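Note sheet for the following structure.
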Amino acid sequence: MEYCEATMDRMERELPEPKFDLRQTLKDYGVSRRDFIKWSSVMTTALMLPKAFSPMVARAAENFSRLPVIWLHLAECTGCSEAFLRNSYPNVDDILLETISLEYHETVMAAAGYQAEENLHNAMDTFDGRYICVVEGAIPMGMDGKFLTLGPQGKTGYEVTKEVTKRAAATICIGSCSSFGNVQAASPNPTNAKGVGDALGISTVNIPGCPPNGVNFTGTVLYYLLFGALPPTDGLGRPIWAYGMKIHDNCERRAHYDAGEFVEEWGDEGAIKGWCLYKMGCKGPYTYSNCPKLRFNDRMSWPIMAGHGCMGCTEPDFWDAMAPLEKPIADKHIPGFGIESTVDRVGAIATGVAAIGLAAHAGATVWRKSGEEEPKKGKAKK
């Protein structure tokens, strides 16, 4: 606690004055102080911090607009920015994103050409060593980077990103493109597109997703304001607090997976009853993210809840590794069991459920292979 207080005291001295009065901004959006305190508690829990840190999270949120941000666009569709900008009913996370001190962002700024380039360099000079560089999009490395040129002088995306990240306090990759290359790096990858960390050989914090949830970005910045450093990450550079759990383990359809109840065709009885979407290509068992907990659109829903399987978009090379997106990954043979039984019991095998359950499934498979009628439990009808 004392360390966090000292860190924020230092940041309040070194960083510019807030561009927005958060309390007044929240009030203008109809968010009460009580709602803000409740949000602070929820965010504290999400960041895996003790409850006592809740007031500190609230203070960090009030300093959110102090932190200068230079946001670069490279090889991407701008979907991450669009997802953050197009909120009809903003919650506290969305409002924080609206109040962020964007010193450079090509999608929302009015400047273009030489003026835009001048704005970028002014921001870098003014906040040298204090700004956060956020990168959206992959870096094409083929043809010496000339598959992507930016600005009136035609600098490559590689050159611009290297120049900006070199003087940044930290670099955050937003979306799967800047994190891992995403569709730009899909086979055969003609432009030799790479994630920012791989292309530049630097340490980055990756917030993958296509697009990612804005809460994961907000939480990462809040952590930086609290501790003066970016959060702990996994081996792929993803914040553990946001990507340390498997979607499969928190999915509301998990019980159907364990029971062997799967949707076999779109619109069948299993689909109507909300059964597991694994056989329809859901990649939840292989994907790490907090999507089931955060959801999207003001926590209203998320893809699996809406009836479509997870695509695995927070994982590297998902366009290739997870393809085809609406079919299961090729069945993996498990010693002692046939391929057909592998699909029906993948949940039981992967999670190591009780041996009795495994024996029951194995017995069912033996009955099927020997021509005996298998019990129809867990079989959806059209």
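In case you wondered, yes, glycine gets a Cβ from its N, Cα and C as well.
[4Fe-4S] cluster 1 binds C77, C80, C177 as TrEMBL records it, and from the list C133, C210 the residue named for this site is C210.
Neighbour counts were taken as the number of other C-beta atoms within 10 angstroms of each residue's C-beta; across the binding-site residues C77, C251, C291, C310, C313, the minimum falls on C77. C77 ([4Fe-4S] cluster 1 binding site) sits 24 Å from C282 ([4Fe-4S] cluster 2 binding site), counting Cα to Cα.
The subset of binding-site residues (C80, C177, C310) lying with their Cα within 10 Å of the Cα of C282 ([4Fe-4S] cluster 2 binding site) consists of C310, given in sequence order. Residues E76, T78, G79, E136, G137, G175, S176, N182, P211 surround the recorded [4Fe-4S] cluster 1 site, their Cβ atoms falling within 8 Å of the Cβ centroid of C77, C80, C177, C210, which are themselves excluded. Checking each of the binding-site residues H248, C251, C276, C291, C313 against C177 ([4Fe-4S] cluster 1 binding site) by C-alpha distance, the shortest gap belongs to C313. Nearest Cα neighbour of C80 ([4Fe-4S] cluster 1 binding site) among the listed binding-site residues (C276, C291, C313): C313. Secondary structure at H248 ([4Fe-4S] cluster 2 binding site), as computed by DSSP, is helix.
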